[in-house]
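These notes are about the structure you will find just below.
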Amino acid sequence: MKPLLETLYLLGMLVPGGLGYDRSLAQHRQEIVDKSVSPWSLETYSYNIYHPMGEIYEWMREISEKYKEVVTQHFLGVTYETHPMYYLKISQPSGNPKKIIWMDCGIHAREWIAPAFCQWFVKEILQNHKDNSSIRKLLRNLDFYVLPVLNIDGYIYTWTTDRLWRKSRSPHNNGTCFGTDLNRNFNASWCSIGASRNCQDQTFCGTGPVSEPETKAVASFIESKKDDILCFLTMHSYGQLILTPYGYTKNKSSNHPEMIQVGQKAANALKAKYGTNYRVGSSADILYASSGSSRDWARDIGIPFSYTFELRDSGTYGFVLPEAQIQPTCEETMEAVLSVLDDVYAKHWHSDSAGRVTSATMLLGLLVSCMSLL
């Protein structure tokens, strides 16, 4: 048992036998819990272990203070249980308009390796942006928006009560069942396939499209920035897959071949690190049919590149990936994500530059034609 879980159990907040989490006890004893958790600083923060939400909140605050010239913490919304949702914006000052890369982790509560990767990604960018020419190049024209834990209520619940909880924690059917699958709640052919209207089910799609406060917060923000977002990345586990749209239909997005090409290159970069094999394809083709996913919704609103990463492993440990695998998982995934970002960057700015060259050539041709008439 983890030290924090031992503490919660001994304090009576983790009730044995699956009876649940006593919120009143948690509130009254929070101060005791805080004192019982070993003190840490950003310098000693380990990226090789899983962290409870309280430590992730503190990490976000401290990292935005230490690297304040590059990263800022921003309020996004609140969860059903009124926990604040924050994202980190990594940005270098620039006189030019910049495009956006979005990354979220932890939409499914039990997939702990996903928030671990979001933290790893932020750490790697911040520690290396001055010395790594590739990262410097990306930051000249791109801002990174990172939401380390989307499903905060569910994530906390996996630490206190049920390690394999998937959904959010909103009550339904007069409190007889809890939670919505937030990755079935987006407005992308909502609840048409691979989702359930029964609130007892793992894939309960909610009471309507974007019915949950967590999905509303994300959808509202993404909608407001959609014209500037080049790439939408949502990190999951497990299965070792890079998934493209769509899950709700066998039809493909207009740039499907290009997305597969970028995804396959990323899978190759990932494999080169430790030999881990990833498959690339649309969700409907290589995983299963599903509707209401954030990936499909992002593509439907016009974001050109949208991917789901299903991280390690392929089923041996499943959602309970050992901490010994955090570092290699994050290192190889970092290679894949940087490959995607390099390709997206090159495709956008190459086409933009090509467009400017074509326009300039046409203008020059018109000027020459006009001068010949004089």
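Glycine residues also receive a Cβ, built from the backbone N, Cα and C atoms like all the rest.
What Swiss-Prot annotates here:
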SIGNAL    1-20  signal peptide
DOMAIN    49-344  domain 'Peptidase M14'
BINDING   H108, E111, H236  Zn(2+) binding site
CARBOHYD  N132  N-linked glycosylation site
CARBOHYD  N174  N-linked glycosylation site
CARBOHYD  N187  N-linked glycosylation site
CARBOHYD  N251  N-linked glycosylation site
ACT_SITE  E310  active site, proton donor/acceptor
LIPID     D352  GPI-anchor amidated aspartate
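Here the features listed in Swiss-Prot are placed on the structure.
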{"residue": "H108", "record": "Zn(2+) binding site", "Cβ within 10 Å": "25"}
{"residue": "E111", "record": "Zn(2+) binding site", "Cβ within 10 Å": "26"}
{"residue": "N132", "record": "N-linked glycosylation site", "Cβ within 10 Å": "15"}
{"residue": "N174", "record": "N-linked glycosylation site", "Cβ within 10 Å": "6"}
{"residue": "N187", "record": "N-linked glycosylation site", "Cβ within 10 Å": "16"}
{"residue": "H236", "record": "Zn(2+) binding site", "Cβ within 10 Å": "22"}
{"residue": "N251", "record": "N-linked glycosylation site", "Cβ within 10 Å": "10"}
{"residue": "E310", "record": "active site, proton donor/acceptor", "Cβ within 10 Å": "20"}
**OP:** Within the same chain, and leaving aside H108, E111, H236, name every residue whose CB is within 8 angstroms of the centroid of the CB atoms belonging to the recorded Zn(2+) site, in sequence order.
**Re:** G106, I107, A109, R110, A114, R166, N183, M235, S237, E310, F319
**OP:** Take the C-alpha atoms of N187 (N-linked glycosylation site) and N251 (N-linked glycosylation site) and report the distance between them in angstrom, rounded.
**Re:** 17
Original post:
Hey, how far is H236 (Zn(2+) binding site) from N174 (N-linked glycosylation site), Cα to Cα, in Å?
Top reply: 30
Subject >> By Cα-Cα distance, the member of recorded positions N132, N174, N251, E310 nearest E111 (Zn(2+) binding site) >> reply: E310
Subject >> Euclidean distance between Cα atoms of H108 (Zn(2+) binding site) and N174 (N-linked glycosylation site), Å >> reply: 23
Original post:
At the level of the C-alpha atoms, what whole-angstrom distance separates E310 (active site, proton donor/acceptor) and H108 (Zn(2+) binding site)?
Top reply: 11
